[in-house]
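K.L.:
Just dropping this structure here.
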Amino acid sequence: MAGPRYPVSVQGAALVQIKRLQTFAFSVRWSDGSDTFVRRSWDEFRQLKKTLKETFPVEAGLLRRSDRVLPKLLGQASLDAPLLGRVGRTSRGLARLQLLETYSRRLLATAERVARSPTITGFFAPQPLDLEPALPPGSRVILPTPEEQPLSRAAGRLSIHSLEAQSLRCLQPFCTQDTRDRPFQAQAQESLDVLLRHPSGWWLVENEDRQTAWFPAPYLEEAAPGQGREGGPSLGSSGPQFCASRAYESSRADELSVPAGARVRVLETSDRGWWLCRYGDRAGLLPAVLLRPEGLGALLSGTGFRGGDDPAGEARGFPEPSQATAPPPTVPTRPSPGAIQSRCCTVTRRALERRPRRQGRPRGCVDSVPHPTTEQ
């Protein structure tokens, strides 16, 4: 690879809550065109600020205030000021996420000597925990509404969304109700975007008309490569997304060079230990042993999800049209009343609030199944 890379932009992606510990997920764009997801805590940012002051005393204004170029990281009192009267750790966490994003952007906008220093490059480089294929049990990921940019609005309305929802297709026709008690009819081969997966087997999906509904997971399967909602070919999403557990330097022309934490698309797998991958605008071979399913990146981008016993991303065939006459998939047992909401965070429950349920069942729907959150 030509020269060391350095971060060029940082964007706040999500608030990750693990029991009582809050960490902040960021999407980091690098000088080589790649992007990675990292998680950092508030204390880690405070330690970064301290290290920068020791490493760059002039830029920190320790000798003369007029020479200061390092941005300030507001303290706890300044952070809580815009949130007076508001209740909840989630609101404060989202405010911190916005504040840390602003601080990170200002750091990268300082002098090149500081912005490209090993201190900042190392801080935003993926760490072993960032490369884990799954978040710790009990983790909650809270996404801020995209349009809520100002800090003063960070504790406002929230929404469940995906940065890039995964598109799955329906195996057979199925009728249920959406989150507003309207008929939700899915046809065979229809593409649905998965917004939220729940262990009960009922997933929150969205159709082309922007209707959202709880839908049985056995009725869904991965769409064929290049057959998204728009129906056009897309090399950028032609395979599952994996993460490089460590850096790799190519030794042949048909191989790829990737840094640690690089997110690659697997175009073709092989039992010989080398997979054909796409990284940026280049395609080449990578050792399969270096690749692992994404954890946080998959959750935030909605891609790379592999279910069942297929964690290694092995190629799977797609059913022929004649298989549409096969017996309908088994519908999972609906959870007990309130089971899904009890497993969701407060943000999710608020996003799923709806009008009072109407009486009667929708017309033209055979064996209509209410979504699990509407049972009384």
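Quick reminder: no glycine exception, Cβ is built from N, Cα and C everywhere.
Take a look at what Swiss-Prot says about it:
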DOMAIN    1-131  domain 'PX'
DOMAIN    163-225  domain 'SH3 1'
DOMAIN    237-296  domain 'SH3 2'
REGION    302-376  region 'Disordered'
COMPBIAS  326-335  compositional bias 'Pro residues'
REGION    328-337  region 'Proline-rich region'
K.L.:
Run through the domain 'SH3 2' (237-296) and tell me, per DSSP, how many residues are helix, strand and coil.
P.N.:
5 helix, 28 strand, 27 coil
K.L.:
Using DSSP, how many residues in the domain 'PX' (1-131) fall into helix, strand and coil?
P.N.:
60 helix, 29 strand, 42 coil
